[in-house]
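If you check Swiss-Prot, you get these features:
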- Asn81: N-linked glycosylation site (CARBOHYD)
- 23-46: topological domain 'Cytoplasmic' (TOPO_DOM)
- 68-86: topological domain 'Extracellular' (TOPO_DOM)
- 131-142: topological domain 'Extracellular' (TOPO_DOM)
- 164-187: topological domain 'Cytoplasmic' (TOPO_DOM)
- 209-217: topological domain 'Extracellular' (TOPO_DOM)
- 239-483: topological domain 'Cytoplasmic' (TOPO_DOM)
- 505-532: topological domain 'Extracellular' (TOPO_DOM)
- 554-572: topological domain 'Cytoplasmic' (TOPO_DOM)
- 588-594: topological domain 'Extracellular' (TOPO_DOM)
- 611-622: topological domain 'Cytoplasmic' (TOPO_DOM)
- 644-653: topological domain 'Extracellular' (TOPO_DOM)
- 2-22: transmembrane segment (TRANSMEM)
- 47-67: transmembrane segment (TRANSMEM)
- 87-107: transmembrane segment (TRANSMEM)
- 110-130: transmembrane segment (TRANSMEM)
- 143-163: transmembrane segment (TRANSMEM)
- 188-208: transmembrane segment (TRANSMEM)
- 218-238: transmembrane segment (TRANSMEM)
- 484-504: transmembrane segment (TRANSMEM)
- 533-553: transmembrane segment (TRANSMEM)
- 573-587: transmembrane segment (TRANSMEM)
- 595-610: transmembrane segment (TRANSMEM)
- 623-643: transmembrane segment (TRANSMEM)
Amino acid sequence: MVLVEYLWMVIVGFIIAFILAFSVGANDVANSFGTAVGSGVVTLRQACILASIFETTGSVLLGAKVGETIRKGIIDVNLYNNTVDLLMAGEVSAMVGSAVWQLIASFLRLPISGTHCIVGATIGFSLVAIGTHGVQWMQLVKIVASWFISPLLSGLMSGALFLMIKFFILKKEDPVPNGLKALPVFYAATIGINVFSILYTGAPLLGLESFPVWATALLSIGIAIIFALIVWFFVCPWMKKKIASRLKKEGALSRISEESLDKIQDEETSVFKELPGAKGNDESALPLTSSSTDAAVASDSVSNGNTRVPYGRAASMTNGSIRSPISNGTFNFDGHTVKSDVHVYHTVHKDSGLYKDLLHNIHLDRVKTDRPAPENNYRVLRRNNSYTCYTAAICGVPVHSTFKSSDVAMPEDSEKLVGDTVSYSKKRVRYDSYSSYCNAVAEAEIEAEEGGVEMKLATDLADPNPPQDDSLEEDKEEKDKSEVHLLFHFLQILTACFGSFAHGGNDVSNAIGPLVALWLIYEQGGVMQEASTPVWLLLYGGVGICAGLWVWGRRVIQTMGKDLTPITPSSGFTIELASAFTVVVASNIGLPISTTHCKVGSVVAVGWIRSRKAVDWRLFRNIFLAWFVTVPVAGLFSAGVMAILQYGILPYV
């Protein structure tokens, strides 16, 4: 018996179900491909394409069985035998509450559990409709337990696996031999665990719903062994050749780079400018020179601590010499008289070779020269050439002015970098190149006439004995070696695809489970929902998930793959494999588990092991708080909509 009078509710339900599927795609799909995008093995576009294929396939093949729990496992549907309209309104309310909270979480870049969201929303409408006796409260107890069990168990599993990989492969001077030996094991484990997960879930369309557990385990082990043999005899030799070819190319590029640098240094034209105060007269001049020997001498003078030569404005250049109008070694800058005892070197560069060599020498001088760092204020110059980032990285080249007056305003975008007594600012700053700094100082001397400022370079003010920073060693571990990257590259893509397939089967029920219930109630005229889930509804949910992924999925993918902690192919593979194994084991022994919580726990655990300072604990705190409020917030949204439908709309329809 078709309930024609409630057709409007079915139409509204289909619209809201698509929005709910959209929100699931925007948030939950990051579980599968967030780490793969973060490690760089796939681009965001490639991840969206792969996820669209595997999410849709998984939702169609695996989604029917999981949807049964969402439809019947949270509330007692028998209590709605005489109030079918209330149950239909409740399913609509559940979809609204779940969709709203997941969209809010996606906007905030917080990964939350779609399962917990729909469970909370279902409990919310049931409390409004028939009170507390219609809720399966043990489901809620399991959800609360999963907040702690999921990340802890998955984190321990991921941490143990990553420590093994780190000890036996990553820490080795040559990681290739051990990596190739472990490759068949990794592939076998990946294939075996994910095949077991798919078979254990059961796919009604494939006739796997009645497969016994022992047969599932035996078949999974057999498939894993077959893949291990294929990898050992075919993939490993190919991978060995590929790694050797990559290392050979890198070595050749390194030699070419060194030869090019030597050639560039021989061809470089050096220009030494007459600096005010060097000889004490207006006619002091220094001829231009183009010899590579002079360039080398000038470069050496920077690094060996020889006499510093002041630099000023070049008013004219005659017969190959640069003439300076200033004789007393001072010039005006920003309304202050500047004592120009600054050492500078200005090179006209055809390429970056000599320039980089000079900056390295400055860096060495900065470390070796024993000078106390005075109190400093800072002036940031404009950015006008391509060497900015390199300069800042090597020697921190902003101009430092020792203003004695405290009323000099600091630029908004300035950043303090040099000296133990100087506080550090986190604001973004743009630095100029070394040669452009020289030009800017020269131009500044004609801007004013009086004052009292002494100009210093960052290289002269640096602490001669900089403290050793342990983070430097940790930064070296942020990226895998090229050969390690190749070893784990395809493995991580494989685990992400399997995870996406399983996720599509599991989480499509979160999106269209209430819609399936709504449709079956409308079609059959009763609450028991005896028919199986229509395939076209599963496909409808899969399309909605893909739409959400393409439009908004990048937000939570960035949180999972980049913001929480840096990800590499080796750590990403560990996270994917360990979290998948945790979900399979915990589900089989009856422990409450959440895929999202497992993935976040693995990301944090592996990130903490790789680098103590790499984990964004503030972000993790926010994610955990989002988990904590997911059930009550989704329930409140759902309860509000249910109250409107039950008391404001249904009595008048």
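Every residue, even glycine, has its Cβ placed from backbone N, Cα and C.
Given the structure is predicted, the values throughout are model-derived calculations rather than measurements.
Neighbour density for Asn81 (N-linked glycosylation site): within 10 A of its CB lie 11 other CB atoms from the protein chains shown. At the 8 Å Cβ threshold, with sequence separation of at least 6, the transmembrane segment (2-22) comes into contact with the transmembrane segment (533-553) through 3 or more pairs. Comparing 87-107, 110-130, 533-553, 573-587, 595-610 for CB pairs under 8 angstroms to the transmembrane segment (47-67), the maximum falls on 533-553. DSSP classifies the residue listed as 'N-linked glycosylation site' as coil under the three-state reduction. Broken down by DSSP into helix, strand and coil, the topological domain 'Cytoplasmic' (554-572) contains 14 helix, 0 strand, 5 coil. The transmembrane segment (143-163) and the transmembrane segment (87-107) are not in contact, since fewer than 3 Cβ pairs between them lie under 8 Å (pairs 6 or more apart in sequence).
If one looks beyond the transmembrane segment (87-107) by at least 6 residues along the same chain, the residues whose Cβ comes under 8 Å of a Cβ in the stretch are 3, 6, 9-10, 12-13, 16-17, 19-20, 22-24, 26-28, 77, 80, 114, 117-118, 120-122, 124-126, 128-129, 510, 514-515, 517-518, 521-522, 527, 552, 555-556, 626, 630, 633-642, 645-646, 649-650. Shown for the topological domain 'Extracellular' (644-653): DSSP residue counts in helix, strand and coil, namely 9 helix, 0 strand, 1 coil. Between the transmembrane segment (595-610) and the stretches 110-130, 218-238, 533-553, 623-643, Cβ pairs under 8 Å are most numerous for 110-130. Mean predicted confidence for the topological domain 'Extracellular' (68-86): the pLDDT average there is 75.
Between the transmembrane segment (110-130) and the transmembrane segment (623-643) there are at least 3 Cβ pairs closer than 8 Å, counting only pairs 6 or more residues apart in sequence, which means the two stretches are in contact. Broken down with DSSP, the topological domain 'Extracellular' (131-142) shows 9 helix, 1 strand, 2 coil. In terms of DSSP helix, strand and coil, the topological domain 'Extracellular' (209-217) has 5 helix, 0 strand, 4 coil. Within its own chain, the topological domain 'Cytoplasmic' (554-572) is flanked in space by residues 26-27, 29-31, 33-41, 44, 47, 105-107, 109-111, 162, 165, 169-170, 478-480, 484-485, 487-489, 491-492, 599-600, 603-604, 606-608, 610-611, 614-616, 619-620, 623, which lie at least six positions past its ends and keep a Cβ under 8 Å from the stretch.
Counting residues 6+ beyond its ends, the topological domain 'Cytoplasmic' (164-187) has Cβ neighbours under 8 Å at 227-229, 231-232, 235-236, 239-240, 243, 480-481, 483-484, 487, 491, 494, 570, 573-574, 577, 609-610 in the same chain.
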